[in-house]
Amino acid sequence: MEELSMANTMFALNLLKQIEKSNSTQNIFISPWSISSTLAIVLLGAGGNTEQQMAKVLQFNEIGSYGITTRNPENFSGCDFAQQIQKENYPSAILQAQAGDKIHSAFSSLSSTINTPQGDYLLESANKLFGEKSARFKEEYIQLSKKYYSTEPEAVDFLECAEEAREKINSWVKTQTKGEIPNLLPEGSVDEDTKMVLVNAVYFKGKWKTPFEKKLNGLYPFRVNSHESIPVQMMFLHAKLNIGYIKDLKTQILELPHTGNISMLLLLPDEIEDASTGLELLESEINFANFNKWISKDTLDEDDVVVYIPKFKLAQSYELKSILQSMGMEDAFNKGKANFSGMSERNDLFLSEVFHQASVDVTEEGTVAAGGTGAVMTGRTGHGGPQFVADHPFLFFIMDKITHTILFVGRFSSP
């Protein structure tokens, strides 16, 4: 599970960089863990170059002996396995099965740990593969999806009733997220040519370990760039927290713990020193090695900290096809090249789109709460210790500290 968390972190940071390229100044909020686990459901039925590309994008090739395929012994029919032996691939077939079982078993354990709250927080997710009813998913694939991911692909009629299929998918997502995400698929997002769509929606609400002080909250100018400000409701907290400083990037890093195993890590440059959000240098330097160094005990120390951060809610939707293609996952979306032979006997299956939405509330208590209406703030306190004043764009990560998994990553650049 530790190796999988490492792969998920690398995927999360790579995904963030790709999204940043097409969203240089906008708010960002995604759940890379949720996207990765959903794509793994598709990987379970992929083969050949399609599978290799997916494994590489998801960083599974960095884990142990992950090879050409992730198929488990259950995936090989008697004929398939016999053919492997006849081709003198018996040892590699065994290794491939073991590698695949390692990945998918680890996902099963990781999901179970994350979805079993150790504190007062809510994590609602909806992950499912929807395929054209003519696909006729293999029973072996259905059973493995249930075994590892507690879900199974669902057949819908894209060919004759695309709009009804869209409404059915949206209704399912709305139910799974308890009404928080009602319209994941926009109008026109599926049609009669759609073969398979992957949906992934996740909603997080948590309680701060130390709640913010409502009575001291108020309006404060948030600088979206070097020449523009927007009034925003600021939250105030004075508490002992882990805080650090990345000298070469002139960036503060602060840990705000939720109840349980969840923490939010915020990265805030000292000033806006570029022509956009002030985050360009920080975003360019994010990678696996740097991130681990920034959040380590070598960087973070407990101190008496005064904190101002905006109260905000983000609900961001993405169609990830082009982003995943740019990361190297090309064949899965190509009608002529996609290989999903582990899913179906049909050779014309391909992914049409991957829909993702993530939503979060950041309030005084952490969960949805009434806003305070204090006096307008015009300056900072006289506190002699470190201050963390997020009055300009910052990055934030919501992490499960037990599994070291990045559940969410976001950029807050504008109220």
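Count begins at 1; order follows the chain as displayed.
Including glycine, each Cβ sits where the backbone N, Cα and C put it.
As recorded in Swiss-Prot, the features of this protein are as follows:
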CARBOHYD  Asn23  N-linked glycosylation site
CARBOHYD  Asn75  N-linked glycosylation site
CARBOHYD  Asn261  N-linked glycosylation site
CARBOHYD  Asn339  N-linked glycosylation site
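Shown on the structure are the features that Swiss-Prot records.
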residue: Asn23; record: N-linked glycosylation site; DSSP (3 states): coil
residue: Asn261; record: N-linked glycosylation site; DSSP (3 states): coil
residue: Asn339; record: N-linked glycosylation site; DSSP (3 states): coil
Among the glycosylation sites Asn23, Asn261, Asn339, which residue has its Cβ surrounded by the fewest other Cβ atoms within 10 Å?
Asn23
CA pair Asn339 (N-linked glycosylation site) / Asn261 (N-linked glycosylation site), Å rounded to integer, equals 39
Rounded to an integer, what is the Cα-Cα distance in Å between Asn261 (N-linked glycosylation site) and Asn23 (N-linked glycosylation site)?
31
